[in-house]
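So that you can see what the record holds, here are the features copied from TrEMBL:
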- HIS104, HIS249, HIS253: Zn(2+) binding site (BINDING)
- 51-72: transmembrane segment (TRANSMEM)
- 84-103: transmembrane segment (TRANSMEM)
- 123-144: transmembrane segment (TRANSMEM)
- 151-172: transmembrane segment (TRANSMEM)
- 178-197: transmembrane segment (TRANSMEM)
- 209-230: transmembrane segment (TRANSMEM)
- 250-273: transmembrane segment (TRANSMEM)
Amino acid sequence: MSFGTKRLLLYDELPAPWQNNKYILSGYRFLDTAADCWYSLFYVHNETGNIWTHLLGFILLLSIGIYELLYSELMTKIPIRDRIVFLIFLVAACKCLMCSTVWHTLSGINNLKVYKQVACLDYVGISVLICASIMLCEYYAFYCDDAIRNAYMAATASLAIMGVSMPFQAWFDHHERRWLRIAFFIALASSGAIIIIHTSLIRGIFQTFGWLTPVFKSIGCYVAGVIIYGNQFPERFWPGRFDKLGHSHQFWHLFVCGGIWYHYQAALQFASFREEFAQCSLKQ
(Lines of atoms letter the chains of each structure in order from A and count residues from 1; the text may use other names and numbers.)
(Lines give C-alpha, C1' and ligand atoms only; values in the text may rest on other atoms or scores of the structure.)
Protein backbone atom coordinates (compact mmCIF):
# COMPACT_ATOMS: atom_id res chain seq x y z
CA MET A 1 0.00 0.00 0.00
CA SER A 2 1.32 3.44 -0.87
CA PHE A 3 -1.65 5.62 -0.05
CA GLY A 4 -3.08 6.86 3.21
CA THR A 5 -5.64 9.14 4.73
CA LYS A 6 -5.98 11.01 8.00
CA ARG A 7 -9.72 10.42 7.91
CA LEU A 8 -10.81 7.66 10.28
CA LEU A 9 -12.05 4.71 8.26
CA LEU A 10 -14.77 2.13 8.60
CA TYR A 11 -13.89 -1.55 8.96
CA ASP A 12 -15.10 -2.35 5.44
CA GLU A 13 -12.84 0.35 3.97
CA LEU A 14 -9.67 -1.31 5.29
CA PRO A 15 -7.53 -3.67 3.18
CA ALA A 16 -7.84 -7.27 4.39
CA PRO A 17 -4.53 -7.46 6.36
CA TRP A 18 -5.70 -4.62 8.60
CA GLN A 19 -9.08 -6.19 9.37
CA ASN A 20 -8.59 -7.77 12.81
CA ASN A 21 -11.90 -7.38 14.62
CA LYS A 22 -15.09 -7.32 12.56
CA TYR A 23 -17.09 -6.12 15.57
CA ILE A 24 -15.16 -2.83 15.73
CA LEU A 25 -16.89 -1.00 12.89
CA SER A 26 -15.27 2.43 12.83
CA GLY A 27 -12.45 4.65 14.05
CA TYR A 28 -9.59 3.08 12.07
CA ARG A 29 -6.43 4.96 11.11
CA PHE A 30 -4.68 4.34 7.77
CA LEU A 31 -1.71 6.68 7.79
CA ASP A 32 1.29 7.31 5.53
CA THR A 33 4.09 7.65 8.06
CA ALA A 34 5.19 6.60 11.53
CA ALA A 35 5.18 10.27 12.49
CA ASP A 36 1.49 10.48 11.62
CA CYS A 37 0.88 7.42 13.80
CA TRP A 38 2.68 8.96 16.76
CA TYR A 39 0.71 12.17 16.27
CA SER A 40 -2.44 10.06 16.63
CA LEU A 41 -1.61 9.73 20.33
CA PHE A 42 -3.31 13.09 20.69
CA TYR A 43 -6.67 12.47 19.06
CA VAL A 44 -9.34 9.83 19.60
CA HIS A 45 -9.64 6.69 17.47
CA ASN A 46 -10.30 3.02 18.19
CA GLU A 47 -6.73 2.37 19.38
CA THR A 48 -6.56 5.32 21.79
CA GLY A 49 -7.57 3.27 24.84
CA ASN A 50 -5.21 0.45 23.88
CA ILE A 51 -2.29 2.84 23.56
CA TRP A 52 -2.81 4.84 26.72
CA THR A 53 -3.65 1.96 29.07
CA HIS A 54 -0.22 0.46 28.47
CA LEU A 55 1.69 3.72 28.03
CA LEU A 56 0.49 4.98 31.42
CA GLY A 57 1.08 1.52 32.87
CA PHE A 58 4.66 1.62 31.56
CA ILE A 59 5.33 5.06 33.07
CA LEU A 60 3.89 4.09 36.47
CA LEU A 61 5.65 0.72 36.66
CA LEU A 62 9.00 2.13 35.57
CA SER A 63 8.76 4.97 38.10
CA ILE A 64 7.77 2.68 40.98
CA GLY A 65 10.38 0.08 40.02
CA ILE A 66 13.24 2.57 39.83
CA TYR A 67 12.24 4.04 43.18
CA GLU A 68 12.12 0.52 44.66
CA LEU A 69 15.59 -0.32 43.36
CA LEU A 70 17.20 2.91 44.50
CA TYR A 71 15.48 3.78 47.76
CA SER A 72 13.63 0.85 49.33
CA GLU A 73 15.00 -0.74 52.48
CA LEU A 74 14.39 -4.22 51.06
CA MET A 75 16.71 -3.69 48.10
CA THR A 76 19.56 -2.66 50.41
CA LYS A 77 19.21 -5.91 52.38
CA ILE A 78 18.97 -8.53 49.64
CA PRO A 79 21.98 -9.91 47.71
CA ILE A 80 22.97 -8.35 44.41
CA ARG A 81 21.82 -11.44 42.48
CA ASP A 82 18.31 -10.98 43.92
CA ARG A 83 18.29 -7.38 42.78
CA ILE A 84 19.33 -8.54 39.31
CA VAL A 85 16.44 -11.04 39.20
CA PHE A 86 14.03 -8.29 40.27
CA LEU A 87 15.49 -5.99 37.62
CA ILE A 88 15.07 -8.65 34.92
CA PHE A 89 11.38 -8.99 35.77
CA LEU A 90 10.94 -5.21 35.87
CA VAL A 91 12.63 -4.76 32.49
CA ALA A 92 10.56 -7.60 30.97
CA ALA A 93 7.31 -6.09 32.26
CA CYS A 94 8.22 -2.61 31.06
CA LYS A 95 9.31 -4.05 27.72
CA CYS A 96 5.96 -5.79 27.32
CA LEU A 97 4.02 -2.60 28.04
CA MET A 98 6.19 -0.48 25.76
CA CYS A 99 6.15 -3.02 22.91
CA SER A 100 2.36 -3.06 23.18
CA THR A 101 2.26 0.73 23.12
CA VAL A 102 4.45 0.86 20.01
CA TRP A 103 2.35 -1.80 18.26
CA HIS A 104 -0.99 -0.12 18.91
CA THR A 105 0.43 3.26 17.92
CA LEU A 106 1.98 2.06 14.65
CA SER A 107 -0.79 -0.40 13.76
CA GLY A 108 -2.45 2.43 11.87
CA ILE A 109 0.36 2.69 9.31
CA ASN A 110 -0.46 1.78 5.70
CA ASN A 111 2.88 0.01 5.11
CA LEU A 112 2.22 -3.73 5.40
CA LYS A 113 5.86 -4.63 6.12
CA VAL A 114 6.07 -2.19 9.04
CA TYR A 115 2.63 -3.30 10.23
CA LYS A 116 3.75 -6.93 10.46
CA GLN A 117 7.08 -6.04 12.10
CA VAL A 118 5.49 -4.09 14.93
CA ALA A 119 2.94 -6.88 15.45
CA CYS A 120 5.89 -9.24 16.03
CA LEU A 121 7.30 -6.75 18.52
CA ASP A 122 4.11 -7.01 20.56
CA TYR A 123 4.22 -10.83 20.57
CA VAL A 124 7.88 -10.79 21.64
CA GLY A 125 7.04 -8.53 24.58
CA ILE A 126 4.36 -10.96 25.75
CA SER A 127 6.70 -13.97 25.48
CA VAL A 128 9.48 -12.25 27.41
CA LEU A 129 7.11 -11.18 30.20
CA ILE A 130 5.66 -14.69 30.59
CA CYS A 131 9.08 -16.32 30.82
CA ALA A 132 10.54 -13.67 33.15
CA SER A 133 7.53 -14.09 35.46
CA ILE A 134 8.02 -17.86 35.59
CA MET A 135 11.78 -17.54 36.15
CA LEU A 136 11.17 -15.24 39.11
CA CYS A 137 9.11 -17.98 40.77
CA GLU A 138 11.68 -20.65 39.92
CA TYR A 139 14.48 -18.57 41.36
CA TYR A 140 12.86 -18.17 44.76
CA ALA A 141 11.13 -21.56 44.95
CA PHE A 142 14.53 -23.25 44.81
CA TYR A 143 16.56 -20.42 46.27
CA CYS A 144 18.96 -22.77 48.04
CA ASP A 145 18.86 -25.66 45.53
CA ASP A 146 21.29 -24.45 42.91
CA ALA A 147 21.10 -27.44 40.56
CA ILE A 148 17.29 -27.62 40.49
CA ARG A 149 16.92 -23.85 40.25
CA ASN A 150 19.40 -23.55 37.39
CA ALA A 151 17.82 -26.45 35.48
CA TYR A 152 14.36 -24.89 35.71
CA MET A 153 15.58 -21.45 34.73
CA ALA A 154 17.59 -22.81 31.80
CA ALA A 155 14.51 -24.65 30.52
CA THR A 156 12.39 -21.51 30.79
CA ALA A 157 15.10 -19.48 29.06
CA SER A 158 14.91 -21.98 26.19
CA LEU A 159 11.15 -21.46 26.02
CA ALA A 160 11.78 -17.72 25.96
CA ILE A 161 14.02 -18.12 22.92
CA MET A 162 11.25 -20.07 21.19
CA GLY A 163 8.71 -17.45 22.24
CA VAL A 164 10.85 -14.67 20.80
CA SER A 165 11.52 -16.45 17.49
CA MET A 166 8.03 -17.91 16.87
CA PRO A 167 6.29 -14.57 16.13
CA PHE A 168 8.64 -13.96 13.20
CA GLN A 169 7.35 -17.03 11.37
CA ALA A 170 5.17 -15.92 8.46
CA TRP A 171 2.20 -18.06 9.49
CA PHE A 172 2.07 -16.83 13.09
CA ASP A 173 0.33 -13.50 12.45
CA HIS A 174 -2.39 -14.71 10.09
CA HIS A 175 -5.87 -13.62 11.19
CA GLU A 176 -7.26 -17.14 10.95
CA ARG A 177 -4.63 -18.30 13.46
CA ARG A 178 -5.74 -15.89 16.17
CA TRP A 179 -6.80 -18.72 18.50
CA LEU A 180 -3.53 -20.54 17.78
CA ARG A 181 -1.60 -17.51 19.00
CA ILE A 182 -3.72 -17.35 22.14
CA ALA A 183 -3.17 -21.09 22.69
CA PHE A 184 0.58 -20.67 22.22
CA PHE A 185 0.84 -18.00 24.92
CA ILE A 186 -1.42 -20.00 27.25
CA ALA A 187 0.79 -23.07 26.75
CA LEU A 188 3.89 -20.97 27.40
CA ALA A 189 2.40 -19.63 30.63
CA SER A 190 1.14 -23.08 31.64
CA SER A 191 4.71 -24.37 31.76
CA GLY A 192 4.85 -22.54 35.09
CA ALA A 193 2.44 -25.14 36.51
CA ILE A 194 5.34 -27.60 36.71
CA ILE A 195 7.00 -25.62 39.46
CA ILE A 196 3.71 -25.42 41.40
CA ILE A 197 3.37 -29.19 41.29
CA HIS A 198 7.02 -29.73 42.24
CA THR A 199 7.00 -27.35 45.19
CA SER A 200 3.65 -28.73 46.38
CA LEU A 201 5.15 -32.22 46.50
CA ILE A 202 8.23 -31.23 48.49
CA ARG A 203 6.91 -28.34 50.63
CA GLY A 204 3.22 -29.18 50.92
CA ILE A 205 0.28 -27.87 48.98
CA PHE A 206 -0.96 -25.43 51.63
CA GLN A 207 2.44 -23.84 52.18
CA THR A 208 3.03 -23.61 48.43
CA PHE A 209 -0.34 -22.06 47.68
CA GLY A 210 0.08 -19.60 50.54
CA TRP A 211 3.47 -18.58 49.17
CA LEU A 212 2.02 -18.15 45.69
CA THR A 213 -1.05 -16.11 46.71
CA PRO A 214 0.01 -12.91 44.89
CA VAL A 215 0.95 -15.00 41.85
CA PHE A 216 -2.50 -16.57 41.77
CA LYS A 217 -3.98 -13.06 41.81
CA SER A 218 -1.78 -12.25 38.84
CA ILE A 219 -2.84 -15.43 37.03
CA GLY A 220 -6.48 -14.59 37.75
CA CYS A 221 -6.07 -11.23 36.02
CA TYR A 222 -4.47 -12.80 32.97
CA VAL A 223 -7.09 -15.55 32.72
CA ALA A 224 -9.97 -13.07 32.99
CA GLY A 225 -8.33 -10.89 30.36
CA VAL A 226 -7.78 -13.79 27.96
CA ILE A 227 -11.40 -14.92 28.31
CA ILE A 228 -12.72 -11.43 27.54
CA TYR A 229 -10.23 -10.86 24.72
CA GLY A 230 -10.65 -14.31 23.19
CA ASN A 231 -14.43 -13.99 23.11
CA GLN A 232 -14.33 -10.37 21.90
CA PHE A 233 -16.73 -9.29 24.64
CA PRO A 234 -18.67 -7.00 24.69
CA GLU A 235 -18.36 -5.82 21.07
CA ARG A 236 -19.35 -9.23 19.69
CA PHE A 237 -22.87 -8.69 21.04
CA TRP A 238 -23.15 -4.97 20.26
CA PRO A 239 -21.06 -4.29 17.13
CA GLY A 240 -20.13 -0.65 16.74
CA ARG A 241 -21.16 0.40 20.24
CA PHE A 242 -17.69 0.00 21.79
CA ASP A 243 -15.52 1.07 18.87
CA LYS A 244 -13.59 3.72 20.80
CA LEU A 245 -14.20 2.86 24.43
CA GLY A 246 -14.97 -0.36 26.28
CA HIS A 247 -14.03 -3.06 23.77
CA SER A 248 -12.33 -6.34 24.67
CA HIS A 249 -8.76 -5.36 23.89
CA GLN A 250 -8.93 -2.43 26.30
CA PHE A 251 -10.17 -4.72 29.07
CA TRP A 252 -7.35 -7.13 28.21
CA HIS A 253 -4.84 -4.32 28.65
CA LEU A 254 -6.24 -3.38 32.05
CA PHE A 255 -6.07 -7.00 33.21
CA VAL A 256 -2.46 -7.24 31.95
CA CYS A 257 -1.57 -4.20 34.06
CA GLY A 258 -3.26 -5.86 37.04
CA GLY A 259 -1.41 -9.11 36.40
CA ILE A 260 1.93 -7.33 36.23
CA TRP A 261 1.21 -5.41 39.42
CA TYR A 262 0.34 -8.53 41.42
CA HIS A 263 3.46 -10.29 40.12
CA TYR A 264 5.48 -7.22 41.11
CA GLN A 265 4.07 -7.58 44.62
CA ALA A 266 4.98 -11.28 44.50
CA ALA A 267 8.56 -10.36 43.62
CA LEU A 268 8.83 -8.17 46.72
CA GLN A 269 7.23 -10.83 48.93
CA PHE A 270 9.51 -13.56 47.58
CA ALA A 271 12.58 -11.40 48.23
CA SER A 272 11.44 -10.61 51.78
CA PHE A 273 10.94 -14.29 52.70
CA ARG A 274 13.47 -15.78 50.30
CA GLU A 275 15.02 -18.25 52.75
CA GLU A 276 11.95 -19.32 54.72
CA PHE A 277 9.97 -20.95 51.91
CA ALA A 278 13.10 -22.40 50.30
CA GLN A 279 13.94 -23.97 53.70
CA CYS A 280 17.55 -22.82 53.46
CA SER A 281 18.20 -23.54 57.14
CA LEU A 282 17.63 -27.25 56.49
CA LYS A 283 20.29 -27.30 53.80
CA GLN A 284 23.08 -25.71 55.79
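Placed from the backbone N, Cα and C atoms, the Cβ positions cover glycine too.
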C-beta crowding around HIS104 (Zn(2+) binding site), within 10 angstroms: 25
For the transmembrane segment (151-172), distant same-chain residues with Cβ under 8 A (at least six beyond the ends): 119-120, 123-124, 126-128, 130-132, 134-135, 138-139, 142, 181, 184, 188, 191, 194-195
Chain residues outside the transmembrane segment (123-144) and at least six past its termini with a C-beta under 8 angstroms from it: 85-86, 88-89, 91-93, 95-100, 152-153, 156-157, 159-160, 163-164, 166-167, 172-173, 181, 185, 188-189, 191-192, 195, 198-199, 212, 215, 218, 260, 263, 266-267, 270-271, 274-275, 277-280, 283
Cβ-centroid neighbours of Zn(2+) site HIS104, HIS249, HIS253, 8 Å, sequence order: GLU47, GLY49, ASN50, ILE51, THR53, HIS54, SER100, GLN250, TRP252
Ranked first among 84-103, 209-230, 250-273 for CB pairs under 8 angstroms with the transmembrane segment (51-72): 84-103
For the transmembrane segment (250-273), sequence-distant contacts whose Cβ falls under 8 Å of one of its Cβ atoms, 6 or more beyond its ends: 49-50, 53-54, 57, 61, 64-65, 68, 74, 78, 82, 86, 89-90, 93, 96-97, 100, 129, 133, 136-137, 139-140, 211-212, 214-215, 217-219, 221-222, 224-226, 228-229, 233
Residue numbers, six or more beyond the limits of the transmembrane segment (84-103), whose CB comes under 8 Å of its CB atoms: 50-51, 54-55, 57-58, 61-62, 65, 68-69, 75, 118-119, 121-122, 124-126, 128-129, 131-133, 135-136, 139, 253, 256-257, 260, 263-264, 267, 271
Residues of the parent chain within Cβ reach of the transmembrane segment (209-230), under 8 Å, 6 or more residues beyond its termini: 133, 137, 179, 182, 186, 189, 196, 199-200, 203, 248-249, 251-256, 258-263, 265-266, 269-270, 273, 277
For HIS249 (Zn(2+) binding site): intrachain residues, at least 6 apart, with Cβ closer than 8 Å: ASN21, GLY49, ASN50, TYR229
Neighbourhood of HIS253 (Zn(2+) binding site) by C-beta distance under 8 A, where only residues 6 or more apart in the same chain count: GLY49, ASN50, THR53, HIS54, GLY57, SER100, GLY225
